[in-house]
Structures are given as structure tokens and as C-alpha cells.
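J.: The domain 'O-antigen ligase-related' annotation in TrEMBL covers 245-410. Feature annotation from TrEMBL assigns transmembrane segment to 21-49, 55-75, 114-133, 139-156, 168-189, 215-233, 240-255, 261-279, 291-309, 395-413, 434-452, 458-478.
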């Protein structure tokens, strides 16, 4: 049988070679506080230098930059710095591919185990230009999807399963998630946020820099499975005090976001991670090394946040009686049985009704990728307080935007992610190293978190989706190794 072709492994990272680019980007960051465009340009020059030296390091910086709105305005459109970083990584990867005679652009960018449903999604997105309510919005969204699901995943895939290449990316992911959680804790404790986000009388739901608590909670909930899996099953270098501190802060971010979708998604991720670990290696995998970081730590932090909710550190805050941590947890269940008695749930049902109306009126090509908001503005649903930016459900969002086949694409894509994540871990072809096993289980948990949370939200946005993209890159690498072993 012909041996499967493998992509060339990444070169070892020379940390000394990264000092110059790092200094230039740090200088640009400082200057950005005084002049955004000049600072952004200097950051980009340093980033080009960095990408030439090390693509994994460039991906790590992309991970750090993606949640922030820093960027440039071109032709009345704001372009995030992370978008321009993605373009630079694309050019670098194309150049590397041309120089490497053993690989093709298809191998580099598109030969993932989930390319078929992804191709359907992209094709439907392009076709939706025929019926879109805003061509500029749809074109921007298509470019975003190419950046997210093709470029970033392909760059992450180039790290293969090399621990030295993944290390800066993982450190960057945990670091930015922890820092955002610290900022979110500050918002929660001192009620730094709008009155609409008030919880437990003197506090607000944390949203960090995302501007929306559900997005912040969703981001942290997708990072948490990777951190928990690496601490439970990973190599020694990741089991240190810094990783434990990051895990605690990440779990704290999930909880003080007060995002019920993120809470349920985290529980589902931990449960199915345990099931996968059991199936892959036996019931001995469900031990204290897994249970403590994945279960005990979040429970303890839930109690801590509930106790902190009884404090009042912001004496100028608006005193509004609203749900405590425990009350919001209970409402997650009661809202299912009495949705009309819960304002948030009732509004969510009206949003879903609007999405169904869009699907009924545009069943073939939809209202255009990213066009649901404009559709609701033009066709408001009685009782809906304001036009939502999205449908708060992945299937309804893509159904409204792309037609009925958009729902098919969503189901097919998520099934492909989950199936390949499982097959990458449960393999008899080769024994996985501790890092590979932990990364695979964590990636599976991240995908589960995304799938569950997107029943009530829509997490495909800048910064928020980065953990999922890294998980997909890991799944791609694991399956490539599995197929390579089967062909030998």
C-alpha cells in the first residue's frame, strides 16, 4: 500500500532569533496608545519579521492579538490586526509550500479530515451573495470564514504533533485566557459594566474585552478542556504552577461570565472528555488527576464566586436586585419548563422565531452570510426588544443566512469534527505520547463545548473562536498520523 505523504515537520524554534521581532512588536504596542495606525504598522512589520523566523511563534502572537479590536480602517471598514496577521501567515505558508516540493497547496490548506462539509459551507456562503441583503457584509464574513477555518487551522496543523512547536501556542492561549479572566474578575467585583449585566445586586457579568458576557464565557469554556486535559494526562513540562494558575483563572472566567450556555457547555465537555478517556485507555483514566482539575476546581470556584457576590466593593454602583450565582444556575433548568416567565429565555425564543421566519422566506440561498441582523431589522418580530446581531443558535444562524442547506452544513461539519476527534484518540495503529493523548482529549472537549454552547449562542467571531481552531488543527494532525500509520 502506498505510504501517505506527510508534511515536513516544523523547524526548531530559536528563541534568540525572536528577540528582535518581539521588541519591535512591543514598541508598536506602546505607540498604539498614542497613535493607533502608527502602532499597528510597527506591530505588523515586527510580525512579518517574526513569521519569517518562526510560524508557530507567529501563530502564538495571533492567538494573543485576536480578542482585541486594534486595527486599521480601510475604505470605511475596520480591519483587525489579527486579520492582517492571518494574511501574513498565509503568505508565509504559501511560500514554504512552493519551496517544499513534497507538498501542495491542497495538502497545506485544505486536506483536512473535514474538508467536504467545509467546502459545502464555503460554496453556500459564496452562492448567498445572489440573495444577500448586504454584499459587503457577506464578503467580509466569507473572508472571515476562510481566515478561521482554513488559514488558522492550516497554520496550526503545520505544528504537527511537535511539542516544541505547540508549546508557545499553548502558553499564549492559556496566558491570554488567564489575563482576560483577571480583567473579567475586576469587572465583576467592581460592577464595571452596563446595568443590563447586573448580577447579585452589586456586581456585573464579566465580559473582558469581548463586549458580551456570553462570548467571554464561551471563549473561556473552550480553553478550559485543553488546560484540564493537559494537567491530567499531559507531559511534565505542562504540569507546573503556572498552568494550574491559568486553569483556576480560566474556570473563574467561565463562572463569573454568568453565561448559562458556557456553564452547560463546560459540564458537557468534562463529561464527554471522561467518556473518551475511558474508551481510549480504560476506566483508570478517571482518577484524581482528571477529577480534581476538571471537576473539583470548577465546583470550588463556583462557591467562591457565589460568596464574592455577597460583597459590595463598588459603593457607587447601581443597586439592582438580580440573580445570584445559585439562582442563575437554577434558572438554567426552570427556564426550560417555564420560558415565558424568564425574560432572557423569552427573548431567545423570539429570536429563534425570527430565524425560522427567515428560513421560510429564503429557504434556498438564505438572506446572505451575516445577513440575519439586517433581516430582523427589516422584518421585526412582535415582542422582540431589539434586533439581535445573530440568531443565538448555529443551525438557525446558518439556516437563515444560507438556507436549509446551511443547517445541513452545520450538522455535517460538527459531526465530522467530533468523529475525527474521537478517531484521532481512539486508535490502535500507534500509541499516543502523553502530549498527543492530552491534546487530543482536550481538543475533543473544546469541540464539545463549542457544539453545546452554540445551541443557544453563536460563537464564530474574532477571538472567541480561536480555541476551537487550535483544537481542529490538533485533530487534523492526529488523524494525519493515524492515516500514515494505517498506510504503512
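Every residue gets a Cβ built from N, Cα and C, even glycine.
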J.: Give me the stretch from 55-75, 168-189, 215-233, 261-279, 291-309 with the greatest number of Cβ pairs under 8 Å to the transmembrane segment (21-49).
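T.: The stretch I would name here is 55-75.
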J.: Tell me whether the transmembrane segment (240-255) sits in contact with the transmembrane segment (291-309), defined here as at least 3 Cβ pairs under 8 Å among residues 6 or more apart in sequence.
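T.: Answer yes, regions in contact.
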J.: Find the member of 55-75, 395-413, 458-478 that has more C-beta pairs under 8 Å to the transmembrane segment (139-156) than any other listed stretch.
T.: 458-478
J.: What residues elsewhere in the chain lie close to the transmembrane segment (291-309), defined as a C-beta under 8 angstroms and at least 6 residues from its ends?
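T.: Apart from its flanks, the transmembrane segment (291-309) reaches 188-189, 199-203, 224, 227-228, 231-232, 244, 247-248, 251-252, 254-256, 266, 270, 273-274, 324-326, 329.
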J.: Suppose I define contact as three or more CB-CB distances under 8 A, residues 6 or more apart in sequence; do the transmembrane segment (261-279) and the transmembrane segment (215-233) meet it?
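T.: Yes, since the transmembrane segment (261-279) and the transmembrane segment (215-233) share at least 3 Cβ pairs closer than 8 Å, they count as touching.
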J.: Sort out the residues at least 6 away from either end of the transmembrane segment (434-452), same chain, that have Cβ-Cβ distances under 8 Å to it, and list them.
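T.: The answer is 161, 163, 166, 218, 221-230, 232-235, 238, 261, 264-266, 268-270, 272-273, 276-277, 280-281, 414, 417-418, 421-422, 424-425, 459, 467-468, 470-472, 474-475, 478, 481.
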J.: Which residues of the same chain, at least 6 past either end of the transmembrane segment (55-75), have a Cβ under 8 Å from a Cβ in it?
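T.: Answer is 10, 13, 18, 25, 32, 36-37, 39-41, 47, 81-86, 88-89, 92-93, 96, 152, 155-156, 158-159, 165-166, 168-169, 171-173, 175-176, 180, 208-210, 219, 462-464, 466, 470.
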J.: Using a Cβ cut-off of under 8 Å, list the residues of the same chain at least 6 residues beyond the transmembrane segment (395-413) that approach it.
T.: 114, 116-118, 120-121, 124-125, 127-128, 352, 355-356, 358-359, 362-372, 375, 458
